[in-house]
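K.L.:
Pasting the relevant annotations from Swiss-Prot:
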type	residues	note
BINDING	Glu57, Glu87, His90, Glu171	Fe cation 1 binding site
BINDING	Glu87, Glu139, Glu171, His174	Fe cation 2 binding site
Amino acid sequence: MVLDELISEFDRGLRSLTGISRMSRPVPVPAQPPAAELTPAERTHAAGLMRVNHVGEVCAQALYQAQKFTARTASAKATFEEAAREEEDHLAWTAHRLKELDSRPSLLNPLWYAGALAIGVAAGTLGDKVSLGFMAETERQVENHLEGHLSELPAADTASRAIVDQMRIDEVKHGKAATDAGGVELPLPARMLMRAASKVMTSTAYYL
């Protein structure tokens, strides 16, 4: 029923913003313990990067909620739901790591969430093929972003690196699922606009 779905998505949104996310998988752990403690500067930098990643997961929840709600076929809804469920793991993992680093989520999370929700609705109104294409492009850009973070994170921060690496693996899977479900490639201007918006978000969330 539509009402039940609305209540469920509202609950998920509240959990995304309040940090009470459920995880279906445990937090990834490094294969080897860190060889050294993080310096204060390394902790600050790692926290900034993980805050950016947490914001990305807040946005992912909003995007996929909106796209699932506006999807026209059961198969598209299932694709968005599966991705959202795994992204909720990412949300919980990054929140957990921020606490370990004695840091906090972005102060602007309600703004990020609202913006992503609006974008998800807009993508959904263009039809399932475009909406799934938007998901595929989002996941490609997130994959590249996470690869960049793996090169930026301090070598000693094996805990954050384990989380980010598993997130990257999941994003690749989500992007492939969206393409396999019928997602079309977005035009270059749309992809460039998405990259520009992402850059604004990441540069702001690192500090705020």
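Just so you know, glycine gets a Cβ as well, placed from its N, Cα and C.
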K.L.:
Measuring Cα to Cα, how many angstrom lie between Glu87 (Fe cation 1 binding site) and Glu139 (Fe cation 2 binding site)?
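P.N.:
Cα-Cα distance, Glu87 (Fe cation 1 binding site) to Glu139 (Fe cation 2 binding site): 11 Å.
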K.L.:
Taking just the CA atoms, what is the gap between Glu57 (Fe cation 1 binding site) and Glu139 (Fe cation 2 binding site) in Å?
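P.N.:
Distance between the two Cα atoms comes out at 11 Å.
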K.L.:
Using Cβ-Cβ distances, find the residues under 8 Å from Glu139 (Fe cation 2 binding site) that belong to the same chain and are at least 6 apart in sequence, listing them in sequence order.
P.N.:
Ala83, Glu171, Val172, His174, Gly175, Ala178
K.L.:
So if I draw a 10 Å sphere around the Cβ of Glu87 (Fe cation 1 binding site), how many other Cβ atoms end up inside it?
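P.N.:
Neighbour count, Cβ to Cβ under the 10 Å cut-off: 26.
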K.L.:
Fewest other Cβ atoms within 10 Å: which of the binding-site residues Glu57, Glu171 wins that one? Let me know.
P.N.:
Glu57
